[in-house]
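What TrEMBL records for this protein:
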- 5-69: domain 'DUF1899' (DOMAIN)
- 78-120: repeat 'WD' (REPEAT)
- 128-170: repeat 'WD' (REPEAT)
- 172-213: repeat 'WD' (REPEAT)
- 417-440: region 'Disordered' (REGION)
- 443-470: coiled coil (COILED)
Amino acid sequence: DTMRRVVRQSKFRHVFGQAVKNDQCYDDIRVSRVTWDSSFCAVNPRFVAIIVDASGGGAFLVLPLHKTGRIDKSYPTVCGHTGPVLDIDWCPHNDQVIASGSEDCTVMVWQIPENGLTLSLTEPVVVLEGHSKRVGIVAWHPTARNVLLSAGCDNAIIIWNVGTGEALINLDDMHVDMIYNVSWNRNGSLICTASKDKKVRVIDPRKQEIVAEKEKTHEGARPMRAIFLADGNIFTTGFSRMSERQLALWNPKNMEEPIALHEMDTSNGVLLPFYDPDTNIIYLCGKGDSSIRYFEITDESPYVHYLNTFSSKEPQRGMGFMPKRGLDVNKCEIARFFKLHERKCEPIIMTVPRKSDLFQDDLYPDTAGPEAALEAEEWFEGKNADPLLISLKHGYIPGKNRDLKVVKKNILDNKPTGNKKSDLINAPKKAADASNPQNDAKLDEILKELKSIKDTISNQDERISKLEQQMAKIGD
């Protein structure tokens, strides 16, 4: 019996990774060179989005998955930010909606056309303003529609209702130092954060209270990461005092000692964890490493079991991780990564070798589907719901996404003037009578501003035509 126990039984012991052929990569992409520890890449069953270098602002590419090969320099980008983009995240409930956080202190939410971009996109569906410093983290709620979290270098976490464009929760006094990452739990009732003060905090965002915290989760000074697992435990990566990379497993109900703690190596790249709740496998991609290591989490000692390492020659600048419904179940693919090099994006496919061609239901338990379990309002009122699951037996067929509509609440609704939005709809005459002086002043101001902009433009036009005449003379 002891001999049998030496080699642990696991269907994932032989998972192997393989990079796709060259013609299936995305080539000639200028991947962002910003020094920020986010993954720079986000993928879903339709698109791959990659943060790129942009002069005088921030931009990211959105490519339909099938658009492989060389990407033309003039390919349209999403480029509404005035500073570099630091993080992007696809909405789990709408494959055409993506959020971006930027150095310009704003979060923007974008609607991508169904077949991808034909022109550069400069108009977001909504701009979320509330951070006073750059926004380095954006993360959608896993089960509630239109709920988005952002975290900035102002050490604040804001939770937005994207459908109304409002900040509904502002956690601005819980972190005294930079927030390295934020992770939602499975049903989105809690978040956990890793911060520069070496603490991991478990927070109930709606009660605005810290439920658990651990000081010196990892002793080293370099950046940590903390993510929730499906069973409610927390997995962290960080550094020891001797600068060795570590990974650890914690029970939030008792954070005194880790359930497991492993030392890995002395490389200095931050380990980005990617977690698959269906198989309980964690993939660790170090920034600047050229390998992906993967581990299975179980409830028997040593709890975190090393499976294997996928190695390649080139270091990774960032990494995208495909949701389960975007994988090819016929090829027993259990994970797909999109590895960023300096000038290209290379998909890496992880498969479990099986002899049979039949659907392997042990590899593909029902997985989180694209339908939201709750509306934003229900979640903000205190309801919780687990993800709505779908079967992958016949592969995932993307449905039609509904457009993201933002209904801006009228700021005047809260003031006791006779100017409620409903009044405006029902009784336009009455609203016109009750126009208040404050509004008139505002309107005058806007008209003046418009006039001055028009004047400026006509002046510039004159200047340009003069300059053109001078150029023509010089040319003659």
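Cβ atoms here come from the backbone N, Cα and C positions, even for glycine.
Counting residues 6+ beyond its ends, the repeat 'WD' (172-213) has Cβ neighbours under 8 Å at 37, 136-137, 139, 141-144, 147, 149, 151, 153-157, 159, 219, 221, 223-228, 230, 232, 234, 236, 238, 250, 252-253, 255, 277, 379-380, 382, 384-387 in the same chain. Beyond the ends of the repeat 'WD' (78-120), by six or more residues, the same chain brings 32, 34, 36, 38, 41-47, 49, 51, 54, 57-64, 67, 126-129, 131-140, 142, 145, 148, 150, 152, 160, 162, 323, 368, 370-372, 398, 401-404 to within a C-beta distance below 8 angstroms of the stretch. Counting same-chain residues at least six beyond the ends of the repeat 'WD' (128-170), those with a Cβ under 8 angstroms from any Cβ of the stretch are 36, 38, 83, 86-93, 99-109, 176-179, 181-184, 186-188, 191, 193, 203, 205-206, 208, 368, 372-380, 384-388, 404-409. Looking just at the repeat 'WD' (172-213), the mean pLDDT is 97. The DSSP breakdown of the repeat 'WD' (172-213), given as helix, strand and coil counts, is 0 helix, 21 strand, 21 coil.
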